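Student: My questions all concern the structure below.
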Amino acid sequence: MAEPLRIALAGLGTVGAGVIRLIETNAALIARRAGRPIVITTISARDRSKKRGVDLSPYAWEDDMIVLAERPDVDVVVELVGGSDGPALACARTTIESGKAFVTANKAMIAHHGLELAAKAEAAKVALKFEAAVAGGIPVIKGLREGAAANAFERVYGILNGTCNFILSTMEDTGRDFADVLSEAQARGYAEADPTFDIEGTDAAHKLSILAAIAFGAQVDFASVDTSGIARLRAADIAQADSLGYVIRLIGVAEPDWADGQCRLFQRVQPHLVPFDHPLAHVDGATNAVVAEGNFSGRLLFQGAGAGDGPTASAVVADLIDIARGEIGAPFSVPVTELEALPPAPSGHRRGRAYIRFIVADRPGVLAEITAAMRDAGVSIESLIQKGRAGQDGEVLVAMVTHEGPESAVTEALRLLDGSPSLAQPPLVMQLLGN
Ligand SMILES: NC(=O)C1=CN([C@@H]2O[C@H](COP(=O)(O)OP(=O)(O)OC[C@H]3O[C@@H](n4cnc5c(N)ncnc54)[C@H](O)[C@@H]3O)[C@@H](O)[C@H]2O)C=CC1
Ligand SMILES: N[C@@H](CC=O)C(=O)O
Ligand code: NA
């Protein structure tokens with residue numbers, strides 16, 4: 001059998017420990033499939049003495065992950081530290097500049113610096129791989145780059161954050177409160193080191209921008225993802241959605257927009273109302289699901305565990321197997337110089353149905369004020385619910401679902417209501433996911 005592929009591992013947290021376990025457990029089958037053994041030689045983390053549930057004694061230790069990246073007895077560096085900049089980025093640059101392959105699960109870094117790193121990797125003719133960075137264990141990057149590579153994609157969308165999906169589906173099933181379920185997601189190893197990245201939608205936006213680049217041959221444009229998270233959702237929204245026949249899921253959507261004869265890229269992460277009969281409505285827990293609509297394949301659905309040690313390790317090691325087989329390829333499917341710089345598409349001329357929730361003062365005339373703004377802006381209301389008190393200072397929750405119409409009309413209605421003393425807080429808008 002050929003020479004082993006020698007791995008250095010930086011970061012020994014949830015995913016790093018998972019990678020060690022996987023490589024140890026499946027060593028023989030990995031060697032058969034890769035054509036040569038994949039062996040970890042060197043490791044690095046912040047705290048050498050921390051208990052991680054894996055035996056670290058077989059591996060050489062480096063305190064500094066830059067020194068790790070420069071070691072001559074290493075073929076591939078696997079970065080599982082996290083953070084868009086700082087040591088992870090320095091490690092990536094050093095690894096590639098040293099002529100070694102680089103594998104990472106770090107979507108924040110790829111969303112911010114993926115183009116620079118890919119350009120460096122292409123120039124150095126080394127592999128840069130990040131399957132674990134998007135939708136954890138689901139081979140969605142491979143799916144788009146390889147299995148569905150013959151298609152022009154019309155849209156990609158899906159559930160890209162396991163923590164949010166775990167929170168939403170658990171709240172829906174058990175009625176437990178947000179903070180309690182978030183703590184459980186953290187304890188299970190799903191959440192980012194800073195969980196605001198999860199609940200504010202940033203993590204899903206990182207992943208969406210990477211996915212969009214691969215699907216549409218565009219430069220990664222994280223800054224243009226219109227992002228909102230789940231922090232403002234209340235249990236009452238979940239109950240209202242349920243009574244209307246929907247569940248709430250944080251969905252990322254990316255599609256080319258040809259509105260004015262020019263191609264722009266629309267990218268949005270937002271909680272959506274998903275009808276009970278849509279496949280994404282049945283995606284629970286930390287599961288992720290990505291729908292890719294190819295012009296010849298039709299609708300493809302990739303579903304599986306989006307977070308956690310085992311599934312994420314599975315994606316990391318799949319990248320290592322590719323490298324052991326000698327596959328380099330362009331990290332974003334086409335060379336960086338050929339990725340298009342697509343301008344961001346505004347949401348204004350999009351059409352759809354929306355759920356709009358107001359928390360209003362409990363006094364006469366408020367409902368009339370809201371419906372007048374809707375009328376004046378041309379928003380047609382399909383259903384309106386004012387159900388009980390929100391439980392805080394005499395405030396009431398008013399929720400409505402609109403008929404299909406331009407999103408710009410909803411924006412205009414909310415502008416008309418902006419600053420109204422009747423509104424106890426800014427309205428919450430969620431799109432309804434079409435079939
Ligand atoms: N946890 C999950 O389910 C998933 C995580 N990811 C990504 O994988 C990466 C790692 O995530 P987790 O394992 O969850 O994080 P973690 O917080 O459990 O582990 C991070 C590790 O990095 C080490 N570290 C931190 N600073 C360091 C430094 N300067 N030098 C060397 N080591 C350092 C820590 O000691 C720790 O061992 C992140 O980029 C995350 O976004 C991706 C997909 C799923
Ligand atoms: N924090 C992320 C981990 C995987 O990418 C998530 O919850 O999805
Ligand atoms: Na993946």
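Including glycine, each Cβ sits where the backbone N, Cα and C put it.
Whatever TrEMBL says is automated annotation, not expert-curated.
As listed in TrEMBL for this protein:
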BINDING   ALA10, GLY11, LEU12, GLY13, THR14, VAL15, GLY16, ALA17  NADP(+) binding site
BINDING   LYS107  NADPH binding site
BINDING   GLU192  L-homoserine binding site
ACT_SITE  LYS207  active site, proton donor
DOMAIN    355-431  domain 'ACT'
Student: Sorted by position, what residues of the same chain at least six away from GLY13 (NADP(+) binding site) have a C-beta under 8 A from it?
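Tutor: Residues satisfying the criterion: ALA45, LEU80, GLY189.
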Student: By DSSP, how many residues in the domain 'ACT' (355-431) are helix, how many strand, and how many coil?
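Tutor: Its residues divide into 23 helix, 35 strand, 19 coil.
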Student: For the C-alpha pair, I'd like the distance in angstrom between GLY11 (NADP(+) binding site) and LYS107 (NADPH binding site), rounded off.
Tutor: 15
Student: Those binding-site residues, LEU12, ALA17, GLU192: which ones have a Cβ sitting under 6 Å from ligand 2?
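Tutor: The binding-site residues passing the 6 Å Cβ test are GLU192.
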Student: Measuring C-alpha to C-alpha, could you say which of the recorded positions ALA10, LEU12, THR14, GLY16, LYS207 are within 10 Å of LYS107 (NADPH binding site)?
Tutor: LYS207
Student: Give the helix, strand or coil assignment DSSP yields for GLY11 (NADP(+) binding site).
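Tutor: SS state of GLY11 (NADP(+) binding site) = coil.
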Student: Which binding-site residues out of GLY11, ALA17, LYS107 lie by ligand 3, going by a Cβ under 6 Å?
Tutor: none
Student: Compute the C-alpha separation of GLU192 (L-homoserine binding site) from GLY16 (NADP(+) binding site), stating it in Å without decimals.
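Tutor: Rounded to a whole number, the Cα-Cα distance is 14 Å.
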Student: Quick one: mean pLDDT on the domain 'ACT' (355-431)?
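Tutor: Residues in the domain 'ACT' (355-431) carry a mean pLDDT of 92 in this prediction.
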Student: Run through the Cβ atoms and count how many others sit within 10 Å of the one on LYS107 (NADPH binding site).
Tutor: 30
Student: When you average the Cβ positions of ALA10, GLY11, LEU12, GLY13, THR14, VAL15, GLY16, ALA17 for the NADP(+) site, which other residues in that chain have a Cβ within 8 Å of that mean position?
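Tutor: For the NADP(+) site, the extra neighbours are LEU9, GLY18, VAL19, ALA45, LEU80, VAL81.
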